[in-house]
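As given in TrEMBL:
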DOMAIN    13-47  domain 'LRRNT'
DOMAIN    233-284  domain 'LRRCT'
TRANSMEM  297-317  transmembrane segment
Amino acid sequence: LLLSCSSAQQPGSCPAPCECSEAAKTVKCVSRNLTAVPPNLPSYVRNLFISGSRLGRLPPGAFPARRLPDLRSLNLSGNHLRAVEAGALAALPALRQLDLSANPLVSLSPQAFGEEGSPLEELALRGALRDHGVLLSVVTMLQSGALRNLSRLDLADNGLLLLPSGLLASLLALRRLDLGGSSLVGLQNVSFQGPGQLQSLNLSEGSLGVLRNGSSAPLHRLPALRRLGLARNTWVCDCTVEDLVAWLKESDQGEGKEALSCAYPDKMLGKTLLKINSSDLNCSEPVDLPSQLQTSYVFLGIVLALIGAIFLLVLYLNRKGIKKWMHNIRDACRDHMEGYHYRYEINADPRLTNLSSNSDV
């Protein structure tokens, strides 16, 4: 019994709240109401699950230095984590997969993986970036190159309205990007600059209703793209989706494109995008904006010419009255100027300098 108790406290033994399998090199601490990472995790572990607990925060050195040399996959989802501090994940040299999904993160330090970064390849932050401040911290971390080997990034269910500028610029190895469940209403504010090797992009279950003609240009700048998820978006089927419909018919990238259907207007409700024709969209007469502007300028010129003609006609009909009015103004100005001239002559004559200003002269 004493030997058994002693071995239970040794590093490398299975922590009491967890389930361990040395053969599978896996440790599971699921729904154990933990408030901290167990300190005596076995050194053989390659897959570690700590989820459904109440960790709250990951302090510096949350994982024992050099005790987990082979840990490759770490799942910390659903732990009510609010803060991941600098150095919290620095002592995991073999870490390749990290899942922080379903945590109400408020703070995620850009130095969470230490000064030298991490060899991490897959990062899941599904539903963990609702706070704007932590989103900016993630941007800073990714821009710093700390995760330059990242090939898969899951940002789904975060209600993103746009992708912050430069978010993906340093992720040259990125292959898969999940933006499902976002609030993106278009691709005008989305920049995919950087991940030239992106092969899979998920935009499903979001707020996309229209990919306006010409706004799908960012997708055309992804030469390696093979899978594009657009399912379960409320598509508005009018002239603005003509380019999207043409692209879906020609491309083999649209995953599940056969199920994409119209939500608006009522006459198009339920109709599959692949079965839409130009006649259905009433786009036979394209809108020519320069021609519209030219027509507007011609109309404005005609109106101004008509106003000028009316003004000249009024002047002509009242020419006698206008002439008399101008003569009256001329006579009044002349009398006024003669008065000034007379006063100037009096003031300039030295013989009249001693006369009183009340003189009748």
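The backbone N, Cα and C atoms fix where each Cβ goes, and this holds for glycine too.
With DSSP classes pooled into helix, strand and coil, the tally for the domain 'LRRCT' (233-284) is 25 helix, 9 strand, 18 coil. Residue counts for the domain 'LRRNT' (13-47) under DSSP (helix as H, G, I; strand as E, B; rest coil) come to 0 helix, 9 strand, 26 coil. Counting same-chain residues at least six beyond the ends of the domain 'LRRNT' (13-47), those with a Cβ under 8 angstroms from any Cβ of the stretch are 7, 53-56, 58, 62-64, 67-73. Taken together, the residues in the domain 'LRRCT' (233-284) have a mean pLDDT of 84 on the 0 to 100 scale.
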